């Protein structure tokens, strides 16, 4: 070996791949094909298994389950309209707040407001907001946010109580703290996807606007926002999808009360927090009903997410032609 | 004389020309400044929750950080002291199970999507479903594993918890690993093919070794995300006040940091609430470590 340092190379360099090499190649292709198929099987199995478990309840309670309002284990009456309402209401409120904040942050980060280093600091802050677990937000909501907003909320109720949004006082957990925490939790999703949407707009477009003498905000509002609008819409829809399925923080903050109210300060419930709070102690019949509720949640989130991905695909195609 | 006249004309012209210099108080410029101010305010408002959370974690959770808290069993109702030892171990074990399942499958699937057959029906469907699954409510992973496994095993277990986490980690691993493998320059692969390598050889000797930092970034982010999950553990692993007891113990209810925080947050005892804050601090620190590692690895770009 010492005399010819290339000996080990020379023996290997010529000749076609051996039967072992071909075998390894075939094997690897088969294995990775199988791995890719796993995700298809997984999704199919999830839908099948949830459907199978919920089937008895679907037969027994029928469509009435979706639009009736009582959840009474003793009387075996189950309805999830209040939960569907709470899920949509809390998610819409969160989308309103988190959407505005998220898009504002995306503008802030992409439209040359900041020095590179400062913008990296804000980027890190947004990423850290996404990294904090849901339960920690829940804990923070209970011991910081609720005491913080309670005086303001009760003042609003006392002075503007005739207004349906302020119809009740905030005694503790309720819609407002839940929606606020939810807004913080979807902000990073909305911001990240919107940042991508803004970055996809060719730089020429902005230069053309500046060249016509626009101020920075005229360029942002009249050129950049409309150009990135489909990507931002995708960000909002996907953020909404996130909010619909968010569980722990809501289970801790929304009050788990089976009622439909417009009031921001009334306790409510969502599908996900109904599952979280009722499942561990549920008897066999209630488990079936909860499986039905899980199917409803699955259907809503799948629809919203697929819609969001579809818009995102259309938005990407607009600039990249694929 | 002529100079004076032309000077006068020039001044007249200048006066009739539009004023090109912007003024601070002029409508358009003012509007722009106001919007910028609002944006700054919104950005600071968005950063407020993070600093508030971090402050509370350090102020309330930091007080109880010591060896005793990190290793002891959780206290019962009126007990003082106690710790979060079993929860730390339980979270580690279940995230480990989730990682052991999802990382190999995820990376292999990513190899298929990025290298072997990126444009087949299977590839398009798998990619689409992985994206859909990233928005899959985590509680439904718990419901699914409950229906598929807990009912069959007749017991809550660390296995069930780990598998529920694997379901949530898989799409993240697949999508980030695919992106990372696509970043490997085509030239490097072409050079290997040119030397007569089979696909398996190109993948194992060129694509994977070159793309591995990016793949690791995705893996670490998936691990960080899984460590913070609680909804999928709620009725798969349930909770326990004891340490996992050997291999047998993996088939029994298992405690985790996130469920400990959830359970203790609603208790009327100060001791438990303090421990919930300490557990939150530990959990956030674990997640931050993985996030920072992911960032450091992800910095390497072509």
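Including glycine, each Cβ sits where the backbone N, Cα and C put it.
Keep in mind it's a predicted model, so treat the numbers as computed, not measured.
Copied over from TrEMBL:
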TRANSMEM  B:38-58  transmembrane segment
DOMAIN    B:88-294  domain 'ABC transmembrane type-1'
TRANSMEM  B:93-116  transmembrane segment
TRANSMEM  B:128-152  transmembrane segment
TRANSMEM  B:158-177  transmembrane segment
TRANSMEM  B:275-297  transmembrane segment
Check: For the transmembrane segment (B:158-177), what are the same-chain contacts with Cβ under 8 Å, counting residues 6+ beyond its ends?
Finding: 90, 93-103, 105-107, 109-111, 113-114, 126-127, 130-131, 133-134, 136, 138, 141-142, 144-146, 149-150, 211, 214-215, 217-219, 221-223, 225-226, 229, 232-233, 236-237, 244, 249-252, 254, 256
Check: Which bits of the chain, at least 6 residues beyond where the transmembrane segment (B:275-297) starts or stops, bring a Cβ under 8 A of a Cβ in it?
Finding: 56-58, 60-65, 69-70, 74-75, 82-84, 87-88, 91, 213-214, 216-218, 220-221, 223-224, 227-228, 257-258, 260-261, 264-265
Next item on the list: Go through the chain and flag residues at least 6 beyond the ends of the transmembrane segment (B:38-58) whose CB is under 8 A from any CB in it; none is fine as an answer.
Entry: 277, 280-281, 284
